[in-house]
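Heads up, the thing below is written out as structure tokens.
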């Protein structure tokens, strides 16, 4: 059985790690490099670096920051934010990223997924899917959650899989930063409908929430920020907790 992964996420804005609630109310969560070093030493399985204002403000991810982080960590690094072309993806890879995450640009131009996958392999393409429950439907949003799209979550997940995505990073906007647990209903819906890995995101506030994301949500990996950034729990502690409850993790 493949080991479940624990992935801390660095949401970066103006050169600092930040964390908000429901994609709003950002507060400072420390230095990018200090957090990256910490997670590298904490046995994180991977690290995600998201420039959360890049697409919204039509800025490009700061390559210098990516280069610094990639020089500090020896675990797979996924970089997202403002990646809207194969050429931009190439620059990010050349600065040390192992994977790129696309979101807004993929919705605007779905063929971008295929083009990056054809050049670098599906394993290097993560499609970030931000969803919000409207009525009884999970609607995909773009531009840092500001703009609803025509896509429902499952429809878009199946489409990105067909286009060559290697993973889906599924974030519940309703749960983001709330520490109320992942939206395991939407997680299970997507995880059981696609054959590529699904990363749970949005809402982790306890070690039990990580466990639930794997068991109830059927996720392949759990992404978290608040509980790790502010040292509520360590990744080592989280992995031991999961291991003790029968979840296969890398210790």
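Backbone N, Cα and C atoms are what each Cβ position is placed from, and that goes for glycine too.
Features as listed in Swiss-Prot:
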- 11: active site (ACT_SITE)
- 130: active site (ACT_SITE)
Distance from residue 130 (active site) back to residue 11 (active site), taken between C-alpha atoms, in Å: 14
Fewest other C-beta atoms within 10 angstroms, as judged across 11, 130, which are the active-site residues: 11
